[in-house]
Amino acid sequence: MKHTKRYLVGLSTLLLLVVGGGVALGRALNKDDDLMEDMTPKSMDAILSEIRSLMQDYSIEAYIVPSVDAHNSEYMSLHDCRFQYVTNFTGSSGTAIITLTQAALWTDSRYHLQAEDQIDPAYWTLMREGLIGVPTRDEWLTSVLSPGAQVGTDPFLIASTEFERLGAVLGRGGYRLITLERNLVDIVWNNRPPQTAEDLRTMPLEYTGKRAAEKVADLRLVMQEQGADVIVISALDEIAWLLNLRGSDISYNPVFFAYLLVSHGNLHLFTSTERINETIREHFRAEGISADVRDYRDILAGIEEYVRGGNRLIVSTACSQALYAAIPADQRLQVYSVVAKMKAVKNPTEAAGMRRAHVRDGAAVVRYLHWLETVVDGGNVTELTGAAKLQQFRSEQDLFVDLSFTAISAFGPNGAIVHYSPTEETDLPITRDGIYLIDSGGQYLDGTTDVTRSVHLGVPSAFQRECFTRVLKGFLSVASAVFPVRASGTVFDVLARKPLWDVGLDYGHGTGHGIGSFLGVHEYPPSFVSNSASPSNQGLVENMFSSNEPGFYEPGQFGVRIEDIVQVVRAQTAPHDFNGRGALSFYTNTVVPIQRKLIDIQLLSPGEIAHLNNYHRRVLEEVGPLLLRQNDPDAYQWLVEETKEITVS
């Protein structure tokens with residue numbers, strides 16, 4: 001759908017004066033002034049030199065640039081890509097710290113290879129998080145700062161919990177963490193893309209399963225239990241879900257820039273007021289809610305009004321320091337996001353929609369893999385053209401809206417870069433001489449998908465087959481697990497890794513992430529990670545959805561990952577029911593065959609083979625008829641072959 005673009009001035013472009021717990025707003029920067037600026041891209045030397053000059057003006061020795069926006073979003077609008085602008089690194093997770101003489105970038109193992117390729121070592125030092133001998137941000141800062149030095153950051157771009165933690169660490173060393181009145185990157189970024197505020201999409205009950213009024217009522221019950229008068233909601237996916245609205249302000253993420261204050265009697269929505277037209281107002285009426293709509297920039301004033309009234313306000317542990325500091329300690333209650341926990345448990349309509357969306361998505365992926373097999377010998381398929389063809393197949397499916405992220409279409413050595421995205425400079429041809437990893441997903445009105453398959457179109461080596469099969473064993477261990485209600489995500493992370501650990505192999509990313517219902521492809525909770533203290537590790541309950549995605553990556557050679565979306569359901573095979581606690585298992589929503597050629601059958605147990613055969617039988621039963629209805633009998637015959645039963649002689 002084509003929309004007229006409008007522009008939304010971000011809070012970080014406002015003049016801010018932070019004094020104790022209060023924040024005073026100055027005038028918004030005049031965007032017309034930008035027209036008089038030199039829009040020529042600046043060199044890295046110029047960017048860092050100008051930032052360092054500003055740091056001296058603010059009397060700080062270090063400046064922190066995180067890879068988030070004011071809503072702690074994982075994916076950025078172009079307007080908010082400050083981290084990318086100053087580093088040239090396009091990974092979705094990292095932290096940059098600039099001092100007067102040095103600059104360092106921290107990122108986790110998913111992005112080590114990518115960061116090596118993208119950052120300029122003449123200006124930046126790569127800190128590979130998780131490796132022995134690599135200093136943490138805390139350690140590095142305290143080693144380079146002079147006595148009594150100040151470290152600056154943007155209060156809208158640092159979580160309050162991280163601000164408190166880092167502030168305490170620096171304080172013990174005699175240093176000070178402060179928030180600045182301006183974002184220094186914004187000042188030097190002369191050709192910064194404008195922020196868009198696109199039209200909103202209303203979501204009917206047939207997809208949401210619950211009216212906004214019911215969701216708000218549920219939320220107010222929790223507020224009452226917590227003894228709170230107001231809740232401050234800043235996460236964009238939470239606002240979209242609660243109001244049954246969707247947007248397109250961030251690519252692939254159907255969200256819109258907004259804040260929401262919910263009291264026991266009112267809803268205050270802070271967004272671009274121009275897009276709240278009669279269609280949206282009628283939606284609110286149909287959903288049984290009434291919203292006071294105010295300008296996006298008024299959020300701090302809105303909080304202050306409730307503070308002056310003596311109200312007690314809830315903020316999430318992920319909220320920014322700016323919002324947190326606007327509420328006095330005796331009026332503030334900070335908890336893990338109430339709305340995130342509500343949203344993570346899909347209602348029956350959402351759950352059914354997710355299953356339907358995955359069948360259609362499975363048909364698109366099957367058509368693509370069949371197409372790839374038939375054309376690969378022509379030598380004209382590359383990572384980019386392959387991803388484009390898969391997008392075409394998805395776009396032909398009912399209820400398709402967009403991709404859910406940029407496809408990780410990675411052949412051979414590029415597959416070892418966990419979150420690789422092909423560019424014209426890195427685009428490799430797909431051939432029969434290596435493993436091709438395709439991690440992709442779609443946004444449908446009734447669900448969000450995320451699937452990874454690794455295939456070899458030629459003859460895999462023994463080592464490639466072993467690695468693939470050990471990843472598959474961990475994948476099947478998670479998929480077949482029976483576990484008690486509220487089991488920790490750490491359990492599944494260990495189950496997935498054990499077959500690799502048995503021979504000294506591992507992977508450097510988590511094993512599973514939550515996923516939205518026509519919302520973010522990465523949502524939390526749940527979370528399958530090694531760190532049991534992770535805030536998003538809330539324990540599993542029925543109708544949570546998660547990815548199941550172990551992998552293995554041989555640098556410079558290949559990558560293997562298998563990923564499905566699984567749904568937490570009641571277990572049918574646990575007679576003792578964990579002494580009444582309740583037994584759960586997983587239902588696999590994704591329906592795409594797993595390549596048998598890459599499997600070393602000798603490494604699989606009879607139970608694992610039976611599970612895989614049962615899965616492939618269901619893939620054929622659910623996707624096959626759809627392929628025939630879509631008039632693709634060749635893809636259907638390919639699927640018949642790919643799902644044939646595995647037998648052991």
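The backbone N, Cα and C atoms fix where each Cβ goes, and this holds for glycine too.
The feature domain 'Creatinase N-terminal' is assigned by TrEMBL to 49-170. Residue counts for the domain 'Creatinase N-terminal' (49-170) under DSSP, helix first, then strand, then coil, are 47 helix, 24 strand, 51 coil.
Per TrEMBL, domain 'Peptidase M24' is recorded for 353-568.
Per TrEMBL, the feature domain 'Peptidase M24 C-terminal' maps to 584-646.
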PLDDT averaged over the residues of the domain 'Creatinase N-terminal' (49-170): 94
For the domain 'Peptidase M24 C-terminal' (584-646), the number of residues DSSP places in helix, strand and coil: 37 helix, 5 strand, 21 coil
